[in-house]
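Per TrEMBL, these features apply:
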BINDING   LYS7, PHE8, GLY9, GLY10, THR173, ASP174, ARG184  ATP binding site
BINDING   THR47, GLU74  substrate binding site
DOMAIN    264-338  domain 'ACT'
DOMAIN    344-410  domain 'ACT'
Amino acid sequence: MGLIVIKFGGSSLSTTEKIKNAAKRIILLKKEGKEVVVVVSAMGKTTDQLLELTGQITDSPAKREMDMLLATGEQVSISLLSMALSEMGAPAVSFTGWQAGIVTEKIHSNARIVDVKTEYIKEKLSEGKIIVAAGFQGVTEEREITTLGRGGSDTTAVALAAALGAERCLICTDVTGVFTSDPRYVQQARKLSSISYDEMLELANLGAGVLHPRAVEFAKNYRVPLEVRSSTENEEGTVIEEEASMEKNLVVRGVAFEKDMTRLTIFGLKNEMTGLSAVFSELANNQIDVDIIIQSQTDGNKTNLSFSIKNKDRQAAVNVLENQKEKIGFDSIEYEAGLAKVSIVGSGMISNPGVAAQMFQVLADEDVQVKMVSTSEIKVSVVINEEKMTEAAQVLHEAFNLGAVVGKAQ
Ligand code: ADP
Ligand code: ASP
Ligand code: MG
């Protein structure tokens, strides 16, 4: 008997009506003779609301308590969905993260899954039950509750699919698949019938919120057949696989973007071998993720160093560096907020050297000033002013012909 892991996101469970619809969908799978493990997010905007409540109490909550709080959101969904399934005659049992065997490292708010202990799930599956597991949460070996980072329920689903040897992992959401860009911002965006793990990983890492990056990483590492599809429409979604079978001839496959970025510049960094490593070790030790890095030589033996970080990390980054000013050795720090990153992604770029040039030309024609650039074999990213982000995404989408239907009819 094949096993399917099916995940429903928050917007697909925002009302009891939607929870009942999800239950109907799950029962159809069961009727096809599948064993079913369901992974759910918190209802609607619950996680945001819990964050807001915290803000009414403190600006600096302990991360352990945050995880304790945020993990409650998913617990509401698992019990309600299990009740809905039982009410419809399908025996189901709800599992928190730890009951589902999701073991994580001991990092609060952004933990990685290190093990999945499947005995309990298998026991209940063998009794013919549908398992409804809470996404986004796990437990450490020390019995601490952790969460996996915003959007992390996708990762729970793929991790369970890998550990249980599922024939497929379905991510059901409020769009019908992975599009060439976020359809909320780019009207011409078009659903892709398939995309490779590597391209999807880049898109997810570069801001395409439709999948949690670690979910794609898991799927790639464990070869989990993954499909993103609508939670309501019965139409084929997007398959994420080793080698995308369709649309190989497209150089650029998608446009992703992300706002809330800051460029931080350190002036007069002592030009010693140790300067660079000192800066980035201090930031890493404080869990501050650095994105694009640019170093430029100035006169004498000093350098200027710019890098991009998330807005939310800006104050912490400045504090950390200012506190270590003497040790690191630099003159001053400045920052520019209100920036965004826009990226084009496609595995065909490897063999097409003109893609970056074309991107810069398109942006120049629109008067979009590029402040930082970063490239890999399959992507080019630029940092620009945030107010130009949507416009830049739209013109790039058009310039690289992403709205054109190629291959199978959609
Ligand atoms: P869920 O609650 O189901 O996890 P998310 O909000 O996390 O849903 O992800 C779905 C959203 O991702 C869509 O509503 C869409 O606006 C956004 N999105 C961003 N980039 C893309 C893309 N390339 N293709 C499809 N959706 C995208
Ligand atoms: N509820 C969590 C969030 O809103 C996890 C998820 O939805 O995947 O980020
Ligand atoms: Mg999501």
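Cβ atoms here come from the backbone N, Cα and C positions, even for glycine.
Given the structure is predicted, the values throughout are model-derived calculations rather than measurements.
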THR47 (substrate binding site) CB neighbourhood, other CB atoms within 10 A: 23
THR47 (substrate binding site): nearby binding-site residues from LYS7, PHE8, GLY9, GLY10, ASP174, ARG184, Cα cut-off 10 Å: GLY10
Binding-site residues near ligand 2 among LYS7, GLY10, THR47, ARG184 (Cβ under 6 Å): GLY10, THR47
Secondary structure content of the domain 'ACT' (264-338), with strand meaning DSSP E or B: 30 helix, 28 strand, 17 coil
PHE8, GLY10, ARG184 screened against GLU74 (substrate binding site), Cα within 10 Å - retained binding-site residues: GLY10
Binding-site residues compared (GLU74, ASP174) - the one with the fewest other Cβ atoms within 10 Å: ASP174
Model confidence over the domain 'ACT' (264-338), averaged pLDDT: 90
